[in-house]
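Enquirer: I'd like to ask you about the structure that follows.
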Amino acid sequence: MALSVLPRLEQLSARVVRVLGCNPGPMTLQGTNTYLVGTGPRRILIDTGEPAVPEYISCLKQALTEFNTSIQEIIVTHWHVDHVGGIADICTDIMNGCNFSVSKLPRNPHQEEVIGAVEHKYNYLKDGDIITTEGATLRVLYTPGHTDDHMALELLEENAIFSGDCILGEGTAVFEDLYDYMKSLEKLLEMKADKIYPGHGPVVLGARAKIQEYISHRHAREQQILQALQENSGRSFTSMDLVKIVYKDTPEYLHKAAEFNLTHHLQKLKKEGKISEEQSPTVRWRSNL
């Protein structure tokens, strides 16, 4: 499926400007979405793209000039390099040093994190914290699953959610922990948001339908895995064997990413006692049903 074409710089609403990270790829889609949020002379920047992408720094400078604003603070949705990687370059090339707050949720279990070469410490937030700037109020939503430190942000003025990588504008997300991820999707569904500003891909206008689609998709994948194992109950399968059955319509270059997700489904099903794992000598899986 061809991806939507996104401009590098676009005003999405009265208080949200998207600056594309200029880092397209199989996992980043059109690139990381970074967002300037607010209406005043100082605004919040959500996410920062990857390190050493001068095109992004140029686009961000253009946005700051065009909207006659500067960066009040930075909030990053999670620790992945395509979201935190640009912080040091922004500090060096735009802000003349990190004399402002860079905030995120702590890793779980906690580990000390330093921001690139600038050795700036993060300001750690918690679920429910409120961050304000002129024209915008953001509420922190702890949404682990994609990563252990993942946050979404509710934009109160628009009944919208900045979803980070919990929900994408196109395709589906990868995750570290499926159990946590499903809980986070349910949490976002309960928000009854109208709109999603995702970490990658275009804006989602039917927020609740998209979140429900993600939940249904994961449940359907789980059923496909169980069906493949039950139809061959005398056999055991490697995770890649199952990818080739369950993700048969997915391009082969995405099979490794698909295997990552499928393995988490297998771990969840094992916890529930529905399947078992054996070593022979590689890890193989069989149905218990």
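Cβ atoms are placed via backbone N, Cα and C, with glycine included.
Pasting the relevant annotations from Swiss-Prot:
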BINDING   HIS78, HIS80, GLU119, HIS146, ASP165  Zn(2+) 1 binding site
BINDING   ASP82, HIS83, GLU119, ASP165, HIS200  Zn(2+) 2 binding site
Enquirer: Does HIS146 (Zn(2+) 1 binding site) have same-chain partners at least 6 apart in sequence with Cβ under 8 Å from its own Cβ, and which are they?
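Expert: HIS78, GLY164, ASP165, CYS166, ALA173, VAL174, PHE175, GLU176, TYR181, SER184 - these are the non-local Cβ neighbours of HIS146 (Zn(2+) 1 binding site), listed in sequence order.
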Enquirer: Should HIS200 (Zn(2+) 2 binding site) be counted as helix, strand, or coil on the basis of DSSP?
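Expert: SS state of HIS200 (Zn(2+) 2 binding site) = strand.
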Enquirer: Between HIS80 (Zn(2+) 1 binding site) and HIS200 (Zn(2+) 2 binding site), what C-alpha distance do you get in Å?
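Expert: Here the two Cα atoms lie 13 Å apart.
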Enquirer: Name the secondary structure element type, per DSSP in three states, that contains ASP82 (Zn(2+) 2 binding site).
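Expert: Its secondary structure by DSSP: helix.
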Enquirer: For the binding-site residues listed here (HIS78, HIS83), tell me which residue's CB has the most neighbouring CB atoms inside 10 Å.
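Expert: Most Cβ neighbours within 10 Å: HIS83.
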Enquirer: Three states by DSSP: which one describes HIS146 (Zn(2+) 1 binding site)?
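Expert: Reduced to three states, the DSSP call for HIS146 (Zn(2+) 1 binding site) is coil.
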Enquirer: In the structure shown, which of the binding-site residues HIS80, HIS200 has the fewest Cβ neighbours within 10 Å?
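Expert: Comparing Cβ neighbours within 10 Å for the binding-site residues HIS80, HIS200, HIS80 has the fewest.
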Enquirer: For ASP82 (Zn(2+) 2 binding site), write down the residues of its own chain that are at least 6 apart in sequence and whose Cβ falls under 8 Å from its Cβ; none is a fine answer.
Expert: GLY21, ASN23, MET27, THR28, THR32, GLY49, GLU50
